[in-house]
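Heads up, the thing below is written out as structure tokens.
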Ligand code: HEM
């Protein structure tokens, strides 16, 4: 054999003599058990699949850089933002939400926009969507909501009945549903959409003062969407449209970019604002909280292996770094627990050691052992704290200012109680702001989708949802009712809430 060629080996590095024919007794006889290479090949193949993400299973990812262009150090001491011109490596994974790992990229769905910033003070994960709001306000509702976006337990098909039943029973979803049903629900790949941190987060500055913050990533490629028809055609023609579009643009040196902007609210402003600034179904109006420039995010490197980097990427909203922290947004609070739990199930307890997830700067702690421990397990250094042998310490300088919550009563508070139950103003405003074409597309998309509601509860579900559309905007409600060929007089009589 030519010595220049690489030898084919087993996983243990033992060179193979034969890779295509199993060892048999005579050319027509049975296979010998001792051909362990056959077992190894088959056994490894049988274990190739890991569980797909329970949501956001279909996705694409790339590495890139975040560059600071403006000074925001008066709001945050986070080192990532401390100097204009500073660059930080990032990994970004885009995704659809409801479909399986092999589903089509142009489904009507929100899009995930999950960023891992490899900062010198640990990995900061901002796990957002292409929409600034979400369907529900409390994490207890998340699993129920997602079930309605997945397959019906009997038909094993997607079900417009389940979706609209849930949405109509949860009018807090109306804002996000309006965005989803607009052409923003079918973006033209991943490069032509904005990204949002969505939740309210907090910033802490060098004087230990807290500000509330929202993150916005504005696409520099311009917003571009498919119409419902175009998205439908693309589902058949190029189901991996967005993956191909992102990959080829980076391969061709056409690096997609987003401008990072923030909105800032003081603690005092938050206490007095006209609605709950920690409610994920609402946006902060730009007129009250204008966008502030921060920097530019660029994707410029395709991972050399999809599974290694994109499939094994694990993001967690709990992962914030000094100068950036949480808020009392209930959805964010729920997500802090959920993601690392999902990763331990999907990837194993040592998932932070997988190269795409590993902090490239430092990891010092007393966590040891477990399956697939591959980082040397901290060698011979002590595995308990405190000890007299190493000099690893917890640093109180990272402490945040105390939270004055002004309430000490634990209870199950109604998220939609008086004062928290305006589900209609913001979606109505959004509709009224749309161009005439965008309005017509929205109406058409809603009518198409609601036409799929069927079964014995059809009338109740349609009427209940129609009532929400009317309350958002009378003209919108009328247009949808007409599109659904409903007799308005008759429908009004059945409305659970009079409009
Ligand atoms: C209580 C509410 C929520 C819960 C319990 C939840 C739970 C989950 C879980 C379990 C995963 C799969 C993680 C994995 O296996 O890697 C996931 C993925 C994801 N979620 Fe959520 N989620 C919630 C709300 C949200 C919201 C509000 C957003 C956006 C604003 C969001 C954005 C994402 C994204 C982008 C991913 C995919 C991350 C990736 O690319 O790996 N989720 N979520």
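Each Cβ is built from the backbone N, Cα and C atoms, and glycine gets one as well.
On a predicted model such as this, the values are computed, not experimentally measured, just so you know.
What TrEMBL records for 56 (among others) is active site. Under the three-state DSSP scheme, residue 56 (active site) falls in the coil class. Applying an 8 A CB threshold to same-chain residues 6+ apart, the list for residue 56 (active site) reads 95, 96, 97, 112, 114.
The average pLDDT computed for the domain 'Tyrosine-protein phosphatase' (71-299) is 98. Taken from TrEMBL, the feature domain 'Tyrosine-protein phosphatase' covers 71-299.
In sequence order, 110, 111, 112, 113, 195, 196, 198 are the residues near residue 129 (active site), counting only same-chain partners six or more apart with C-beta under 8 A. Residue 129 (active site) falls within a strand when secondary structure is assigned with DSSP. Residues or ranges marked as active site by TrEMBL: 129 (among others).
TrEMBL lists 339 with the feature heme binding site. Look at residue 339 (heme binding site): DSSP puts it in a helix. Sequence-distant neighbours of residue 339 (heme binding site) (same chain, 6+ residues apart, CB-CB distance under 8 A): 127, 314, 315, 316, 317, 318.
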